[in-house]
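J.: Residues or ranges marked as domain 'EF-hand' by TrEMBL: 68-103, 104-139, 151-186, 188-223, 265-300. If you look up TrEMBL, you'll see 1-19 marked as signal peptide.
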Amino acid sequence: MEIRPLLMCFALCAVYATSKPTEKKDRVHHDAPLSSKEHDDDTNFDYDHDAFLGEEEAKTFDDLTPEESKNRLGKIVDRIDADEDGFVTEAELKAWIKKAQKKYIYDNVERQWKDFDMNNDGMISWDEYKNVTYGTYLDDPESDDGYNYKQMMARDERRFKMADGNGDHIADKEEFTAFLHPEEYEHMKDIVVLETMEDIDKNGDGFIELEEYIGDMYNHEDEMDEPEWVATEREQFSEFRDKNKDGKMDKDETMDWILPADYDHAEAEAKHLVYESDTNKDGKLTKEEILNKYDLFVGSQATDFGEALVRHDEF
């Protein structure tokens, strides 16, 4: 499969986006909410189901009997207990919730995997990715169609190496996921910041100045009054982005901007689930404690919410 047309499509989309002067480009990465539903346990546990399983997976439990739901939940508990010590901790629950919420990312990686794993060995080497993505350029490096493939390839290789934890130039599923979605991984944050700064820093001084910051969001080519949001962004830059007031953003200031320390929804939900289910108050959950509160974690076709509330009060 030749990926080069996709790269050209992405580039054209970027040009198209910046050609609309009143549209604002948003580079800030925010964690999505765990559910579109309201978190109100006095009414139902739908939010908790979505948070624990992901919205699509949560729907699959709605047609199950309580016994079937408990059985599936028990198997999930075994997967959450990463160290296999028989207990589920807040940290293990948080990690599970984050993974459940990122299912769409893993599904995306699965769809792309077969296109790059050319020898079907269950791994993707840098050479495999390079040959699939840049095959036409490698065959004819002198071709000129307006795209700097040499620069794009070098940038991809740098990111691939950052995602490749053991440095063997071969990516397993998790490493390839980090390569394709670096904003989701703590150890990839530096590369996200670096690539962002390279995109915006037009004069190449290693900083983002006010006009570069605004220029990345707003196309000045059309002679018209600036939208109000542009003036607001100028104020944001001066008052909040540029923390040391030197007129530009450095690496740390850029990270604070595009990767803000948001409220950790997964951590809050993990604490909530443990608090509601931990009958002996030892700070961790057994499988029995979780299954006793199965209706908090997962749904079923026969669960009556009024009866569920009574059972929760009894426990």
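The chain as shown is numbered from 1 upward.
Note that Cβ sites are derived from N, Cα and C of the backbone, with glycine treated the same way.
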J.: Within this structure, do the domain 'EF-hand' (104-139) and the domain 'EF-hand' (151-186) have 3 or more Cβ pairs under 8 angstroms, counting pairs 6 or more apart in sequence?
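T.: As far as Cβ distances go (cut-off 8 Å, pairs 6 or more apart), the domain 'EF-hand' (151-186) and the domain 'EF-hand' (104-139) touch.
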J.: For the domain 'EF-hand' (68-103), jot down how many residues DSSP puts in helix, in strand and in coil.
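T.: Each residue of the domain 'EF-hand' (68-103) counted once, the result is 26 helix, 1 strand, 9 coil.
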J.: Among 68-103, 104-139, 188-223, point out the range having the most Cβ pairs under 8 angstroms from the domain 'EF-hand' (265-300).
T.: 68-103
J.: On the 0 to 100 pLDDT scale, where does the domain 'EF-hand' (151-186) sit on average?
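T.: Mean pLDDT for the domain 'EF-hand' (151-186): 95.
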